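> First the structure, which I've put down as structure tokens, then a few questions once you've had a look.
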Amino acid sequence: MSNGLLKGKKGIIFGALNSQSIAWKVAEKAHEQGAEIVLTNAPIAMRMGEIKELGEKIGATIIPADATSIEDLENLITKSMEILGGKIDFILHSIGMSVNVRKGNHYTNENYDYTLKGLDISALSFHKVMQTAMKFDAMSEWGSIVALTYIASQRVFPDYNDMADNKSYLESVARSFGYHYGIKKHVRVNTISQSPTVTTAGSGVKGFDSFIDYADQMSPLGNASADDCANYTVTLFSDLTKYVTMQNLYHDGGYSNTGVTQKVIDKFGSAS
Ligand code: NAI
């Protein structure tokens, strides 16, 4: 259902890999709400081809960019302004990857080259995107920038490995850059801390199936879906949330404020 919440707005969406991707759902919903979009992903992800299907569906141009490469980002930002015919109203950063997780390295036995690579892709890239946008004065006044994060940035989830550190850094960048972008251009910057969700990146976490069930039972509303995350993201891109900035916003069915639920207590049975 469209309320035209993003009518006339133009945005760049990073990270749609396949139809499970959170970014994919955001692109569909933003389009449904009237936005014009440029899609981007790492050149290697393009080769899998699925993003083209999304581009056709929502009439979006696709520009490859490795989010760690300033050259690629400069090309993306300048070309997007040409294609969209003006400044950008919103950006979604939906990117995450840990090489240590992929290679099965334990948190206490990191390969630091991998750590730095993962940090660059998952967190520093957010700074790079915003610094490039600022350099080219690409954002509209009162524009909105959102990145996706996970609660392992704030509490220990042992198998989330070095992605936990990457997410802490990402959330900090949102606060710090949000300050400067707010003063300079009234641009707001937030992170959405999403429930565990079945996607390519999510399923890389060890024991993900049990983990997702646990989170579901620990959330009074249950786990939030990717579709609902996309709805929430759309509200942050809209003019209805103009004064929300520098926040880490939980979209998790209440998980983050729950100590325990009856469902989880019941799993342990009676103590007597
Ligand atoms: P996904 O695997 O569909 O998306 C990750 C994206 O990052 C892919 O499109 C991938 O191509 C892109 N990417 C990787 N390296 C890149 C690079 N160098 N340059 C540009 N793009 C690059 O998975 P998902 O779950 O949709 O992930 C999106 C965001 O949501 C990530 O930040 C993830 O950490 C976050 N998130 C995911 C949760 C989950 O359980 N799936 C929970 C909370 C947050």
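Glycine too: its Cβ is placed from the backbone N, Cα and C atoms.
Annotations per TrEMBL:
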type: BINDING; residues: G15, S21, I22, I95, K167; note: NAD(+) binding site
type: ACT_SITE; residues: Y150; note: active site, proton acceptor
type: ACT_SITE; residues: Y160; note: active site, proton acceptor
> Across the listed NAD(+)-binding residues, G15, S21, I22, I95, K167, what is the farthest Cα to Cα distance, given in whole Å?
18
> Indicate the candidate from Y150, Y160 with the smallest number of other Cβ atoms within 10 Å of its Cβ, considering only these active-site residues.
Y160
> In whole Å, note down how far the CA of Y160 (active site, proton acceptor) lies from the CA of I22 (NAD(+) binding site).
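Rounded to the nearest whole number, the Cα-Cα distance is 18 Å.
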> Taking a cut-off of under 6 Å between Cβ and any atom of ligand 1, tell me which of the recorded positions I22, I95, Y150, K167 pass.
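List returned for ligand 1: I22, I95, Y150.
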> Using Y150 (active site, proton acceptor) as the reference point, find which of the binding-site residues G15, S21, K167 has the shortest Cα-to-Cα distance to it.
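For Y150 (active site, proton acceptor), the closest Cα among G15, S21, K167 is found at K167.
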> Ten-angstrom check, please: count other Cβ atoms within 10 Å of the Cβ of G15 (NAD(+) binding site), all chains counted.
26
